Amino acid sequence: MALGEGEDHGAAAPLIADHEKYAGGGGIVRSGSMWTASAHVITAVIGSGVLSLAWSIAQLGWVAGPAAMLVFAAVTALQSTLFADCYRSPDPEHGPHRNRTYAGAVDRNLGSSSSWVCWVLQHTALFGYGIAYTITASISCRAILKANCYHKHGHDAPCSYEGSYYMLVFGAAQLFLSFIPDFHDMAWLSVVAAVMSFSYAFIGLGLGMATTIANGTIKGSITGVPMRTPMQKIWRVSQAIGDIAFAYPYSLILLEIQDTLKSPPAENKTMKRASMISILVTTFFYLCCGCFGYAAFGSHAPGNLLTGFGFYEPYWLIDFANACIILHLLGGYQVYSQPIFQFADRFFAERFPDSGFVNDFHTVQLPCLPPWRVNLLRVCFRTVYVASTTAVAVAFPYFNEVLALLGALNFWPLAIYFPVEMYFIQRNVTRWSARWVVLQTFSVVCLLVSAFALVGSIEGLISQKLG
């Protein structure tokens, strides 16, 4: 069987969670709607990225900063529309084959060689998101302690806290949450996380707006933060582009989300509407949070709007906002990790169909909790996965640089190249036709932007580590 094959896997049925319901013919009954899909997308998109946007706009300035966000929003809308048509094959609405995963869609449309490349890139990216979310949660934990310390002892007090401990605490929480079987059982977690993301985005927006009004002026400039040399400015601009690229695309998990949708109406139509709603909502918050943050602090905009202590008071509101961030990241980490968990479940079930370690479930009864069905493979694999993301986060705890690297690394191949190439196959677009030329030009431009951001983000990460 080719890697990441997209059909429903009968052999993997014991591991595609005992909670899935089956129709009389044996097919999975999906109950997701446009609103649950929107909640999944918002949970995935409005995360760590929103907190770095004031810093990103500060590097680009008042013209290029907002323009870059609108461009990335338009690119995300286009690629999500193209990609939603790849869930079913060969027809996007009535095709008999479901591509339940990104790699499965690539395998069916572009072949097994492309599927392997996609698989490596996708799972590396998903792993990276787990690292980024662990770093951000630790920063927010420390920000709560710092806010209380500054309130009690004054803004000049030496309030400092070690981040590694809080990364370990976050990792322990993720280990518990990782035993949620898959997306069909995660709607409640995504809804809670989406509410948290709205909460802290509104708080960041409100604090930025209030500070701007209190200042009596709009800070910032057309060209952004001045640097000592042109090369330093170039590196900063490239990192800012990488941060914005990180903030938007969700192609990594789009098909997994689409696989939860009921039909009729056709899944691609529902997913397109959910994507448009989510992109409009996130772009509004991104522009408001980024622009008001820059207007409030100008060239001194912090790398993380709610933890960089541009704001000190009211301290309880800072505490609440960072608590919302932590709760959101608890859900966001799972949204990005579940595709890896599902792949591991299917892979081992297909390779070892007679293994009790892989396929058997054991009922565990914990105090004050309902009976829990535990699989030993899941316990081992997910424990190793969470431990590894936590370990890398402890080794490289650099917020802006890690986000920029992830955004630049994933943007072109996963958000642009594969969706465009699959669109050509699905729609039978002929070479050198007007549509082919336009989309290929679009892909090449995105490649150049991605390469520029990648070089700058690597330079920033190395400088931070060596510094």
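Even glycines carry a Cβ here, placed using N, Cα and C.
Annotated features, as they stand in TrEMBL:
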DOMAIN    31-462  domain 'Amino acid transporter transmembrane'
TRANSMEM  34-55  transmembrane segment
TRANSMEM  62-84  transmembrane segment
TRANSMEM  163-180  transmembrane segment
TRANSMEM  187-214  transmembrane segment
TRANSMEM  276-295  transmembrane segment
TRANSMEM  315-336  transmembrane segment
TRANSMEM  379-399  transmembrane segment
TRANSMEM  405-425  transmembrane segment
TRANSMEM  437-458  transmembrane segment
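The largest share of C-beta pairs under 8 angstroms with the transmembrane segment (437-458) comes from 405-425, of the ranges 62-84, 163-180, 187-214, 315-336, 405-425.
When each of the listed stretches 62-84, 163-180, 405-425 is scored by C-beta pairs under 8 angstroms to the transmembrane segment (379-399), 163-180 comes out highest. The stretch from 62-84, 163-180, 315-336 with the most CB pairs below 8 A to the transmembrane segment (187-214) is 315-336.
The stretches the transmembrane segment (276-295) and the transmembrane segment (62-84) are in mutual contact, each linked to the other by at least three Cβ pairs under 8 Å (pairs 6 or more apart in sequence).
Most Cβ pairs under 8 Å to the transmembrane segment (315-336), among the stretches 62-84, 163-180, 405-425, belong to 163-180. Here the transmembrane segment (62-84) has long-range neighbours at 53, 56, 92, 105, 220-222, 224, 240-241, 244-245, 247-251, 254-255, 258, 267-268, 271-272, 275-276, 279, 282-283, 286-287, 290-291, 294, 415-416, 419-420, 422-423, 442, 446, meaning same-chain residues at least 6 beyond its ends whose C-beta is under 8 angstroms from one of its own. Remote same-chain partners of the transmembrane segment (405-425), defined as residues 6 or more beyond its termini with a Cβ less than 8 Å from a stretch Cβ, comprise 49, 75-76, 79, 82-83, 85-86, 102, 105-106, 109-110, 114, 117-118, 121-122, 124-125, 128-129, 132, 238, 241-247, 249, 251-252, 436, 439-440, 442-443, 446-447, 449-451, 453-454, 456-458, 461.
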